[in-house]
Each structure stands twice: as C-alpha cells, then as structure tokens.
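Q: What TrEMBL records for this protein is below:
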COMPBIAS  22-31  compositional bias 'Basic and acidic residues'
COMPBIAS  103-119  compositional bias 'Low complexity'
COMPBIAS  480-490  compositional bias 'Basic residues'
TRANSMEM  135-156  transmembrane segment
TRANSMEM  176-193  transmembrane segment
TRANSMEM  214-237  transmembrane segment
TRANSMEM  249-268  transmembrane segment
TRANSMEM  275-293  transmembrane segment
TRANSMEM  299-321  transmembrane segment
TRANSMEM  333-357  transmembrane segment
TRANSMEM  394-414  transmembrane segment
TRANSMEM  420-443  transmembrane segment
Amino acid sequence: MGIREFPGGAPRGKSIAIGMRRSPDVSPRRLSDISPQLRQLKYLVVDEAIKEDLKWSRSVEDLSSGPVGLTSIEERILRITGYYGYQPWATSCKREERPRDSPGPAEAQAPAGAEAGGRASRRCGTCSRAQLKKVSWGVAVALCVCASWAGSTQLAKQTFRRFDAPFTLTWFATNWNFLFFPLYYAGHVCKSAEKQSVKQRYRECCRFFGDNGLTLKVFFTKAAPFGVLWTLTNYLYLHAIKKINTTDVSVLFCCNKAFVFLLSWIVLRDRFMGVRIVAAILAIAGIVMMTYADGFHSHSVIGIALVVGSASVSALYKVLFKLLLGSAKFGEAALFLSILGVFNILFITCIPVILYFTKVEYWSSFADIPWGNLCGFSVLLLTFNIVLNFGIAVTYPTLMSLGIVLSVPVNAVVDHYTSQIVFNGVRVIAIIIIGLGFLLLLLPEEWDVWLIKLLTRLKVRKKEEPAEGGADLGSGPQSKNRRARPSFAR
C-alpha cells in the first residue's frame, strides 16, 4: 500500500503527524510492528500549542483518552494511509526544531497578542488623533466662517448709512476675487515639495476647462455666465440688507441649501431623501412666517423677496457648476474664481459708471466714500470665500457649513444693541424652523443606516453588560480551581 498524496504533493499521512519525523531506515508494513510505540501514547502529554495546530485534523481526537483514543488512531492509520514510517514517540521533535532560546507557548502567544494589540491600539490612536485634529480644525474654520460672514454683513449695513450704492459695493468686492490664484500659488510654493512656475501651474489648472485650456470660447461659455450669477447673488443680498435687518437676511439666506437640494434633485437627478424634503418644507414655512413677523409691510416683503432671490441664484450657481464643470481641485477652483474677478473688471465695470451718471447710485465726491468700510467688507468677503472653498482640505464640510448658521445668533445679538429689531414670537419661531431645516440638510445621505447601526450597538452592549457581570461572578472559583490543578507533564 503506497502513500496517498494530495495534488500539492504533500502526503496525506502528514495529517496525523504530531511532531513526527520520517525514519529513513525503518519502514514497517504492519501495525503490530509499531504497537509498543503506540502504547507509549498513553503517557504522551500534548503541548497546548500543538493541540491548537491540530484542531483541524480528523485523525487526532484526544490523545489523552486512553485505549479508546489509541484504538481510534490505529483504525484511522490503517484506513487512511497504511504507511507507518513515522515515529510517534518522538514528541519532542517540534521542540528540538525550535531555537533553544524561544519562549514557551504561553510566553510566545503573550508577546504576539501584545504586539497585535499594540498595532491595533496604535492604529486606533492614529485614527482618533487624525479625527480629533480634523474636528479641531473644523471648529476653527466654522468660527472663521461665522466671523467673516457676520462681519461682512454688519459692515455692509454700516456702509450703506454713508454710501448708498449696493451694486458699486458688489462690483468693488468682486474685483478682489482676482487675488484667489496668486494666494493659491503662494501657498503652493510654501507647501508643495515639487514647486512649479506660475506658467506651469496655470497651464495645469487650465486643463479643468478642457483639452484646449482656457480659450476665448470657453471664457464666454463657461466663465461669463457664472460671473453674472456671482454678481447677481451678491447684489441681491446687499440690496436686501438695505431693506431689512441683518438677522432676517442671514437666516433667510440659509434657505440656500434647501434650494440646492431641490434643484439637484430635479436637474442632477440626485438621490431622493425624505428628510431633506422635510427640511425644504421647513425652509419655505420659515420664509412665510418671517414675512408675517413684520405684518406684510412693503419694505419687509421686498427685502425678503430680495434675499430669497439671492439664495435661489446662489443655488442655481452651485448646481450649474456641478452640471457643466463638475468638481474642481484647489488650484482649479482658485483659477476659476480669479477668472470671475477678471470678468467683473472687464465687463461689469460699465454698470456702476452708468448707475453713477444716471444718479441711481450717486455720491457727491470720492472723498465722501468710506474706503475703509469698502476695503474691510471686501477683505471679509474674500476671507469667507477662501475659507469656504479651501477649508475642506483640513476639516469636514459639515463643520464649515455650521459657521453660516452660527452667524444668525451673532447678527441677532448685534441687531439687538444697534437697531430697533423686535424679536416677537413669530420671528423667533421662523428663525428656529429655518435653522432646523438647515441642520437637517447637513445630515449625510446614509444617516439612517448609521443611526440603525448605532442603536443596534447600544442594544447589544446593554445585553452584554448583565451577561458579562454574571460570567465574572461564575468564573472566579473556576479560575482558582484551574490554577490549583497540578500538571502531570514530564
């Protein structure tokens, strides 16, 4: 009877080898030839590590079970292999093959387990540190967004007391967009390991517009429409500040996110989410209640219509950008915003001139222009756009969006001390409803799945805690008995 081998070439008889070595000189053909050695298996103490290694073997069930175990081994040797050229009494084979200085099984497993646990803890520690760093940056970015947005709104309100020209202020602030790409390139030179020249970086970022780069056709078809939408958004927002208080303007502009969802659902065929539909309904209800808060006066209705129009145009800008241009990298976004500034300088400059000569937006002399307010507003608006567009590099977008909501209570506090705003019940409820709708829109798409997983984990933990307590009470005497049990290993 020969050796049966697996396709890989390993003898099947090796499945019953417990540290057994092939004897080149002895090759018995009958079970009786090795029966004295098999009887020695009665006194064999199998090492715990070897038992773990041989749990999968069907040929070894229990070597410490006496004659029954021996009979089972004998029968299986005859039935499976019929080859007995192994010395089962050589139980120290594996130990001899190991280095002398190697630790025992328990000692070996402990460092391995400690090493694996150390790796897992280091990995978890790294993840937690990275997440903590992102959250810390997120708090800083949210505060910066809040401060710049609320500051620009309040400064615009003060500017209109001396300089009643919202479109001119819009034009002046938009010209500062030209600084986006130079600031980005300065950051690229400071941070990037592979530094490129301005021309190389410009050409690389121009690939965002297509294979031919930024051509005249691309400028008028893909950049000019967004320049018009950008100017219109800011002008409507600033004109609304003239009509109503900054608290109402800032809270109504938060409806922008609801409009983005509705347009994305219709135009981009984004995923339908019931919670976002609820948020959109809350936003619309808040707009109606805000209109009712002042008793439907003409100036308040016009102001609310202007800020809602600004939020709608802003939503259209974002959806069309995603539809026509897709997503942009940091350099591409900086170049695009700088191009909007160039477009504003070249093609929008004529409009403030026309408004000046037609005395729609007129000022007596250039000395009367509050240049400090204009420059301060432009710097704050530029800071707001920089942080909002590039803050995603260091934190989560959700935390950045929270800065816009936080600007509402800041404006409310300032208005309370600087204007005659009345916070009646309707206005407060409208602010809360719009804020709640905005927060619902910040939920991720799979928020329901995460919530179910979290609730499931909490239920499992509650069930495991009583079970673990009972197990701890019951395992005390058993562990003591196990420790007190003597070992018969020789």
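Any Cβ shown, glycine's included, is placed from N, Cα and C.
Please treat TrEMBL annotations as automatic predictions, because they have not gone through curation.
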Q: Six or more residues beyond either end and a Cβ under 8 Å away: which residues meet both conditions relative to the transmembrane segment (135-156)?
A: 169, 238, 241, 246, 249-250, 373, 376-377, 380-381, 383-384, 387-388, 391, 394-396, 399-400, 402-404, 406-407, 410-411, 414
Q: Count the CB pairs under 8 A between the transmembrane segment (420-443) and each of 275-293, 299-321, 394-414, then give me the winner.
A: 275-293
Q: With Cβ distances under 8 Å as the criterion, find the stretch in 214-237, 275-293, 333-357, 394-414 that has the most pairs with the transmembrane segment (176-193).
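A: Ranking 214-237, 275-293, 333-357, 394-414 by Cβ pairs under 8 Å to the transmembrane segment (176-193) puts 333-357 first.
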Q: Ranking 275-293, 299-321, 333-357, 394-414 by Cβ pairs under 8 Å to the transmembrane segment (249-268), which is first?
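A: The stretch with the most contacts is 299-321.
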Q: Near the transmembrane segment (299-321), which residues from the same chain, at least 6 beyond its ends, have a CB less than 8 A from one of its CBs?
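A: Result: 225-226, 229-230, 232-234, 236-237, 239-240, 242-244, 248-249, 252-257, 259-260, 262-264, 267-268, 287, 290-291.
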Q: Against which stretches of its own chain does the transmembrane segment (275-293) lie, if we need a Cβ under 8 Å and a gap of at least six residues from its ends?
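A: Residues packing against the transmembrane segment (275-293) from afar: 248, 251-252, 254-255, 257-259, 261-262, 300-301, 304, 308, 424, 426-427, 429-431, 433-434, 436-438, 440-441, 443, 447.
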